[in-house]
Amino acid sequence: MKKLLAIALTVLATVFAFGTPAFAADAAAGAQVFAANCAACHAGGNNAVMPTKTLKADALKTYLAGYKDGSKSLEEAVAYQVTNGQGAMPAFGGRLSDADIANVAAYIADQAENNKW
C-alpha cells in the first residue's frame with residue numbers, strides 16, 4: 001500500500017511540475033486580436049506612423065524597451081508595449097484583456113522570430 005501511495009504521489013508531482021502552465025499564450029487567437037486592434041497601423045508588420053519602427057525582428061531589437069537590453073523576452077517586451085503604449089502608440093491595457101495582450105504578443109513574437117512579416 002505504501003508503495004502504491006508513493007507511486008501515485010510521484011506521478012502527481014511530475015504532472016504538476018511539468019504539466020501545462022495555467023495560461024499559455026495562443027498565437028492563433030493573437031492573430032485575431034491583431035487583425036481587430038493592431039492591423040490599422042501595423043499591417044504586414046509595418047508601421048504606418050513611424051515607418052522605421054516595424055514589427056520585424058531586427059527593428060524590434062533596436063527599439064523595443066526590455067528586449068533590446070535582454071531584460072525581457074520578445075513576448076514580454078511586446079506585452080509591456082501593448083499594455084502601456086509609448087509615443088504615438090496608445091496603451092491597450094484596460095481595453096484588451098490580459099489574455100488578449102498575451103495572445104497578441106505571442107502572435108507578434110512568432111511572426112517576427114520566424115520572419116513571417
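Note: Cβ is positioned from N, Cα and C throughout, glycine not excepted.
Summarising the annotation, Swiss-Prot assigns heme c binding site to Cys38, Cys41, His42, Met89. Sequence annotations record features per position, and here Swiss-Prot assigns signal peptide to 1-24 based on similarity to another entry.
Ranked by how many other Cβ atoms sit within 10 Å of their Cβ, the binding-site residues Cys38, Cys41 place Cys41 at the bottom. Residues Cys38, Cys41, His42, Met89 make up the record's heme c site, and a Cβ search at 8 Å around their centroid adds Ala39, Ala40, Asn47, Ala48, Val49 from the same chain.
Within 10 Å of the Cβ of Met89 (heme c binding site) there are 17 other Cβ atoms, across all protein chains.
In the three-state DSSP assignment, the secondary structure recorded for His42 (heme c binding site) is helix. Using a 10 Å Cβ-Cβ cutoff, His42 (heme c binding site) registers 19 neighbours.
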